[in-house]
Amino acid sequence: MLEFSKIDYDQVFQRYDVITETEATIDDMFEEYAPEESPWRDIAEDVVYMKEDKCAEDIKSALREYDPEEVINKGLIAGMDVVGEAYPRGIYYLPQVIICADVMSAGIELCEEKMAETGEEREAKGTVVLHVAEGDPHDIGKDIAKAMLNAKGYKCVDLGRDVPVEDVVEAVIEEDADLLTGTALMTTTQTAFPKIAKRLEEEGVDIVFIGAGGAVNQAFVHSFPLGIYADDAADGPVIADAIVEKELSWEDFRDQYDDIVPSAA
Ligand code: B12
């Protein structure tokens, strides 16, 4: 028999943000989660404290010394990680998160420009169609993955966010894509992925479909045909290379997943 008298309702309310879990401030979050080394700390600080102009300056100066991929991962994402910790604790609310995300996106654009400078002359290794699942506005991870795929020589057809299932299927066929990627950060939107896979199969399209984003995991993505899970944006070019260069099918890819995908190690 269930015993309800021993339930600690404070914990239930905390879990669902009815009351906040902490008295901590954004400064405390920054101290706890931000990187310590320069220039990553400065860039992370610009994102967390919404300093867009200073962020652009700090990024331009970091790009003189470091790889754009490193600037994204160690500076911009590190800053957004702090924001990601502050949001569920009720320290930052949606308006702040939106502004931080905008600062981060502006920073990613600068890194993308730098990546394009080195990638421009190469012939595209293949075509990748990217999208964020229908109903989902979270496009930061997709933008990072796009920047990395671009940098490694792939033509990226970016369908944006909140993309209907049929538009994804149409674009894959029209572009004769080598690879499809989808990002979902909400449990309510990840359900679009198996629908896309089913529609592609009905159309006779045999393509690897990278499923990624905070809401999904390997078990989910590997539960439908075509799906290959990616945990990290840096997995994108590695997966793309394996598909284009080794001509791996999605079934073969799954068998060799742990050997190919860096974040699986
Ligand atoms: C930023 C943010 C927003 C921003 C989004 C801005 C933008 N342009 O993206 C804004 C403020 C708009 C937003 C809105 C909402 N959000 Co929000 N948001 C977040 C937050 C804080 C961070 C997400 C993020 O950008 N993470 C960083 C990126 C880099 O992570 P990522 O996309 O997963 O990408 C990584 C990997 O997944 C992978 N990856 C991703 N894509 C790809 C693609 C390829 C090819 C590859 C290889 C890899 C890859 O690589 C990246 C790392 O390298 C999270 C909380 C959190 N801690 O995650 C909540 C969160 C995702 N949001 C949430 C919710 C509920 C919402 C709202 C519904 C809130 C509301 N009540 O209104 C609304 C959406 C309303 C709507 N339907 O339009 C929930 C989702 C819960 C769930 N599981 O369903 C979260 C988890 C917060 C929470 N704890 O409740 N949000």
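Note that the numbers count up from 1, one per residue, in the order the chain is shown.
The backbone N, Cα and C atoms fix where each Cβ goes, glycine too.
Note that the structure is predicted; figures quoted are calculated from it, not measured.
Annotated in TrEMBL:
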- 30-123: domain 'B12-binding N-terminal' (DOMAIN)
- 125-254: domain 'B12-binding' (DOMAIN)
Would you mind splitting the domain 'B12-binding' (125-254) into helix, strand and coil residue counts from DSSP?
55 helix, 25 strand, 50 coil
Across the domain 'B12-binding' (125-254), what is the average pLDDT of the model, as a whole number?
93
